[in-house]
Amino acid sequence: MGYKWKTWPLLISQMFTRMFSPHRRWSLNGTLIDLGNDYRRHMSGGNLIISNLDRDQDAGIYQCTAFNVRGAILSRRASLQFAYLDNFKTQTVRSAVNVREGQGVVLLCGPPAYSGELTFAWIFNEYPYFVQQDSRRFISQETGSLYIAKVEPSDVGNYTCVVNNTVTREKVLSSPTPLVLRSDGVMGEYEPKIEVHFPDSVPAAKESVVKLECFALGNPVPEISWRRTSGVPFSSKVKMRNSNAVLEIPNFQQEDAGTYECMAENRRGKNAARGRISFHAKPHWLQTLTDTALSIQENLFWECKASGKPKPSYSWLKNGDTIAPEGRVQIENGALSIAALNLSDSGMYQCVAENKHGIIYSSAQLMVLGKIASFPLALLKARSGSEVTLECKPQASPPAISLWKKGNEILQRTERITLLSNGTLKIANVTKRDAATYTCVAKNQFGTASTTGRLLITEPTRITMRPTNMEIIVGESIVLPCQIACDPALDVSFSWAFNGQLIDFQRDGDHFERVGGTISGDLMIRNIQLNHGGKYVCVIDTDVESLSHAAYSLIDSGPPGPPDKVSVEEITDSTAQLSWTPGRDNGSPITGYIVQARTPFTVGWQAVDTVPEMINGNMLTATVVGLNAWVEYEFRVVARNNVGLGEPSPASAKTRTEDAIPDTAPTDVGGGGGTKSELVITWEPVPEELQNGEGFGYIIAFRPVGTVMWTRAVISTPGVARYVFRNDTIPPFSPFDVKVGAYNNRGEGPFSSIATVYSAEEVPGVAPKRVRARSVSAAQIEAMWEALPAVPERVLGYEVVYWEDDTKPDTIGKVRISGNYTLANITGLTADTVYYLSVAAFNTAGPGPQSAPINTTTKKPPPDRPPLNIQWTMIGSTLTLHWDPVVAMETESKVTGYLVLLKRHRYNDVNTILTTKTTVELSLSTSDNYLIQIKAMSEGGEGVGSEPIHIHKLSESAALFASCISFPFSTVDKA
């Protein structure tokens, strides 16, 4: 057992931006860490750095405290845990498991002691032959056990459990468990028995990935299905994996909570398991604290609120210590109150919200004032002739006495000037002469403070061009003007309201757009519709006032209103007789009607054929033709006039056409493949809307090519698209004539055209020889082999299987090459890693035997650093580049040269130059722009590119100038 983390330091980072020059200290499991006497731990910029991690000494809960003269606050807690995986205790062969053929069996894994997430796989007989999961075999990632629903003779052998720790990448193997067939007969059929099922109650955190396992033993092999007992269908994000044995719900949300049911079913019966998934969420702030300044003897009330499930509990801290309610201090849920504040109550406070999924902190400073604090007074704008109010509200305890100055002159009460006892200054009917700087001076026994602001008087704003009432026609576009003259010191904004509602130009941009500049707020209305008639109001807002003006638009004429009372008078298997009543013509006579229909199988409403083909405006009835039999239809009618199409009528009542014999044959008849002695026939199912009635099914007919008699089979399931005929007398890869027809309760319909389908072939019987492999780069391997000589079976190509020695088995990769090729490139690999691979020939029956595994190691990765200190010199049209060499580390491939990429902007082409030196000369055109990048080259591939360098086109004189100066990289225009 080893720990890969021992050689790496751990960096735990916390940032406190709210406090001035804070000091910090760290604790582990509530005990202060003495950094002065600890050679493995030190602090840098508030970060705690731990070298040579030790599982026994360093595991636990870490927390940082930041403090200064104003108080202290605690950081969030950080948990450090160590992953490990012990070996299996015994290495002797496990006891054999004896079962009958057809019986289900469970092979227990029993993983050793561990910490961290595990994954499980099983080896069959010898590595690297892993058990492949399907509807008959399942490996639980919860227990690690292997479940075989129905044992077959091919399952006999030795099974070894493989346990992987995903954190440490350690892997341990159990002792083999022999699986032996009993000789006392074959197990008969029996109903499913669910051996793997999820708990009755499953807590799930918000945004987590929830996986539910369900697998049953049974004969025949049970089929697994899932549903929500509420009847709510699964959302598109829900995935079924491993032949439906695993239900996966990514990004779990509140609406995914509920009771889930797994159903296992075969022809002998069915069984079900249920469990409820409950929604849990870590705390999230709804209301946080804000810094507060109060005077002595005032009362404090702070409240914080957080959401979460389960509901969070609250606690309060002052300067990092828990606050206990007593006397003046009271705590109720998320509220803290302190009566009659004194100076000792100042400090840093934190509200803590916590549930079992997490803990959050909200921090704020409380200042208890016993003197005058600074207070703001900003620039104020006012319209000439209005009343101005200037407030003077210093934070002072005891309260301060205030006086006002205009410039250096102390203000006194006059007919226009009012001085209130709370320090507020009011000036009535202001003029340009009142524009000046105003200073408020506040004084109490602790001292004096003052602040100055400026009063700016502006001229009234005038509307110079107003919107007017107008009559318009549907489809036209108009502009409603709204223009002003205003004081240049003002900030102006325009908005428009339509029938009392503010226009959202982003949402309604298809019809409304505001045009003009800073003093124009014109409204453009495009493609006007009937519903655009009404009251339009232009609203002008400035710093000092708000103005508005209204206009009305009247719509002369428009498309007709919706028809009404659409009903189906008579219906057959392909026609429907409709009637309706007319809607309003909206000022233009109705010239015609269009009939539309929809079914459960169409996307929205579709226009349908009618008799008569053109329905004039005087007709209120028509016959719809070309309908499908035994389909539920809804109809609606749309009227038109010279202005355009109107709104559609309400839909008619749903009506089903009569049934009929099928008139559509299945399409895409084909097949092939399967296992020995099988004829596999496939087709494209007839859509439900073309099945023409109840009792729909398929008739499959087939015969060997050159014979007369057809063999027929009937399938009564409409959605099935595959039929398998099994007979030991069928020779491999022999041709058959095949056709598929349809039927329902009314009779048989047409057959498809005859297709030729070949019976299953046998897999190639031998493995390729002389398999070789070589590493091409850090991410690519090239595999080679000899083509198979003539063999009885067909060879359609070759399959290369590759795997990493300590990779999880389910990440095994495959590359298939069709044709008689004997070379394959495997890409996307990990650098400096041993890969094993074997090759097999394949055909439609699958891959044949694999060659003996061989291995090769990918190259070390290229350097992950770009060339640095790039300098360039331009003399005429010759550019000379210099850069520092890139030195590969021991874990990287040695640098073999450099790749210079030269891109011309005009032609958008890229030229490449390879060099073994750290300098290169390039001949450039002075009339084009260039982009240059340099990369190191190695056996492992291309390294990281330098920052792109832009060389801008030079005039003749500029080129001469560049020849005199050498520019360092820092002056180059970088992308």
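Backbone N, Cα and C atoms are what each Cβ position is placed from, and that goes for glycine too.
Annotations in TrEMBL come from automatic prediction, not curation.
Here TrEMBL flags 86-174 (among others) as domain 'Ig-like'.
Among the features that TrEMBL reports, domain 'Ig-like' is placed at 192-278 (among others). For the domain 'Ig-like' (192-278), the mean pLDDT of the prediction comes to 91.
For 283-367 (among others), the entry in TrEMBL reads domain 'Ig-like'.
Here the domain 'Ig-like' (370-458) has, by DSSP, the following mix of helix, strand and coil residues: 3 helix, 42 strand, 44 coil. Here TrEMBL flags 370-458 (among others) as domain 'Ig-like'.
Taking H, G and I as helix, E and B as strand and the rest as coil, DSSP gives the domain 'Ig-like' (460-548) the counts 3 helix, 41 strand, 45 coil. Annotated domain 'Ig-like' per TrEMBL: 460-548 (among others), in sequence order.
The domain 'Fibronectin type-III' annotation in TrEMBL covers 562-660 (among others).
Taken from TrEMBL, the feature domain 'Fibronectin type-III' covers 665-762 (among others).
Per-class residue totals from DSSP over the domain 'Fibronectin type-III' (767-861), listed helix then strand then coil: 3 helix, 42 strand, 50 coil. As annotated by TrEMBL, domain 'Fibronectin type-III' applies to 767-861 (among others).
The feature domain 'Fibronectin type-III' is assigned by TrEMBL to 866-957 (among others).
Per TrEMBL, the feature region 'Disordered' maps to 646-674 (among others). Mapped onto DSSP helix, strand and coil, the region 'Disordered' (646-674) counts 0 helix, 7 strand, 22 coil.
According to TrEMBL, the feature region 'Disordered' maps to 848-867 (among others).
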For the region 'Disordered' (848-867), sequence-distant contacts whose Cβ falls under 8 Å of one of its Cβ atoms, 6 or more beyond its ends:
128, 763-769, 771-781, 785, 793, 801, 805, 829-842, 883-889, 891-893, 895, 898, 918, 934-947
Would you list the DSSP helix, strand and coil counts for the residues of the domain 'Ig-like' (192-278)?
3 helix, 53 strand, 31 coil
As a quick check of your reading of DSSP, tell me how many residues in the domain 'Ig-like' (86-174) are helical, how many are strand and how many are coil.
3 helix, 36 strand, 50 coil
